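Single-structure report; data block below.
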Amino acid sequence: MGSSRDIAIGPVAVVSLLLGSLLQNEVDHEKNKEEYLHLAFTATFFAGITQAALGFLRLGFLIDFLSHAAIVGFMGGAAITIALQQLKYVLGIRNFTKETDIVSVMESVWGSVHHGWNWQTVVIGFTFLAFLLFAKYIGKKNKKYFWVPAIAPITSVILATLFVYLFRADKQGVQIVNKIKKGINPSSVHKIYFTGPFVAKGFKIGVICGMIGLTEAVAIGRTFAAMKDYQIDGNKEMVALGTMNIVGSMTSCYIATGSFSRSAVNFMAGCRTPVSNVIMSMVVLLTLLVITPLFKYTPNAILGSIIISAVIGLVDYEAAILIWKVDKMDFIACMGAFFGVVFKSVEIGLLIAVSISFAKILLQVTRPRTVLLGNLAGTTIYRNTEQYPHARHVPGVVVVRVDSAIYFSNSNYVRERILRWLTDEEDKVKADGLPKINFLVVEMSPVIDIDTSGIHALEDLYKNLQKRGIQLLLSNPGSAVIEKLHSSKLTEHIGNNHIFLTVADAVRFCTSKSMQEP
């Protein structure tokens, strides 16, 4: 149903561990196993509903509120949280905290040093973690060995399982998976909560995980589409993912989404169509029907090591450094998400990231940039004098550009900034003994829209300038803006002969007027 040809679908580390931690906050999976499962399927159902609804209603743009910087921070924080949670398996700790913040986890780890760690488990866990990281290094160093990190996890599972079985390490305190049920997933329709106190909890968890899953899947789809030079339809991807998770929730599956590592293997292996997902599904089906009993002696430590090795790559410190260099506000969003997840919880990190992203948008909307323009010598081009210090001011004329739409939220600020520029220039002119300023040109090319508050602000600006004996001129207002100016009769006040196509035309008019005056 989706439009991506390369994306490989399945459970992924971030969404899996996010779902697990959110479920664990509501229900203990050891004490209330059935309730835990029911809540997992309920969350998956609502995740699917959320994703499909966003696609059907064409609300895919909502995902864009999670900026790239916020996602980098969130992913990094989630990766560390997930990795810390795996220490209970890698170190063989039986009594481990249910909290996910770094302080609680480290207290639990160091509090178990003398009596809770199992040395055989530690040896297995860290040996295979080193092996997995080395395999990743080989694949990254030489692209033709891309298959090495791809087969490393299953190789590790086979070797670790053989080791435990041959040496009966489970008798020495090494925790193992034990029996995994054979066969196709049974129906779970009757396990989804549609009434009761768990519906709201399932909805909340589903929405959070569904949004993160969507963000990851769409980002992955766009990445590989760009590499193969084709377009994907974000709304179709959402409907496809949503439908998949709704059906999955009814067949004992939890939230699945696009996997970057599997998609990369898929891409490198030369896939051309989504049929590759069908082949993957058949392999999983074969595993469920035939191979599951072989995993009985698989140690939990190796599964923890695989997860740690998988999530380490999500800590993208290079991207964080680049964000710091490019945009400090984005870096604050990135770090807010990171520290919120690491020191509190996934939900808090997500909330901080979205809040800072919204704050940035509001700041840019309510405090748009206004710049002073000057003429580049020998041309009719006018540019920002801060960017081009050699751009010269035209005697008697001040040219200001507004770099945003003018709405109720910023109209007063825009008017005040324009007047501030004018006052500053008047002070300079007076100090230098230059001709008095008689004209103010407002360059409106970047003003894509204006509302009634913006029109009132321009009207107030016009009246203020009239009192000071200065003529207001407008340069190149867009079609939407000029229509509203005509409708409000503001063009009649300013004068149609004072609205120009370019700044150069406006300045030429000002110069000729100045020359005509005695």
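Cβ from N, Cα, C; glycine included.
Look at TrEMBL and you will find 7-24 (among others) tagged as transmembrane segment. Counting residues 6+ beyond its ends, the transmembrane segment (7-24) has Cβ neighbours under 8 Å at 36, 39-40, 43, 75, 78-79, 81-82, 85, 98, 100, 205, 208-209, 212-213, 216-217, 220-221, 224, 241, 244, 254-260, 262-263, 265-266, 274, 276-277, 280, 307, 310-311, 314, 345-347 in the same chain.
Taken from TrEMBL, the feature transmembrane segment covers 36-57 (among others).
Annotated transmembrane segment per TrEMBL: 69-87 (among others), in sequence order.
Proximity of distant same-chain residues to the transmembrane segment (117-138), defined by a Cβ-Cβ separation under 8 Å and at least 6 residues beyond the stretch ends, is recorded for 89-93, 145, 148-149, 152-153, 156, 159-160, 163-164, 169, 172-175, 299-302, 304-306, 308-309, 312-313. Feature annotation from TrEMBL assigns transmembrane segment to 117-138 (among others).
Non-local neighbours of the transmembrane segment (145-167) in the same chain are 124, 128, 131-132, 135-136, 138-139, 174, 176, 261, 264-265, 268, 294-295, 297-299, 301-303, 305-306, 309; each lies 6+ residues outside the stretch with a CB under 8 Å from one of its CB atoms. Sequence annotations record features per position, and here TrEMBL assigns transmembrane segment to 145-167 (among others).
As annotated by TrEMBL, transmembrane segment applies to 205-226 (among others). Listed as Cβ neighbours of the transmembrane segment (205-226) (distance under 8 Å, sequence separation of 6 or more from its ends, same chain) are residues 2-7, 9, 12, 14-15, 18-19, 22-23, 26, 39, 42-51, 54, 60, 63, 66, 71, 74, 232, 234, 237-238, 241-242, 245, 255-260, 263, 267, 346-347, 350.
Residues or ranges marked as transmembrane segment by TrEMBL: 238-257 (among others). If one looks beyond the transmembrane segment (238-257) by at least 6 residues along the same chain, the residues whose Cβ comes under 8 Å of a Cβ in the stretch are 1-2, 9-12, 15-16, 19, 40-45, 47-56, 60, 185-189, 192, 206, 209-210, 213-214, 216-218.
Taken from TrEMBL, the feature transmembrane segment covers 277-295 (among others).
The transmembrane segment annotation in TrEMBL covers 302-324 (among others).
Residues annotated as transmembrane segment in TrEMBL: 336-359 (among others).
Look at the domain 'STAS' (387-510): DSSP puts its residues at 63 helix, 21 strand, 40 coil. The domain 'STAS' annotation in TrEMBL covers 387-510.
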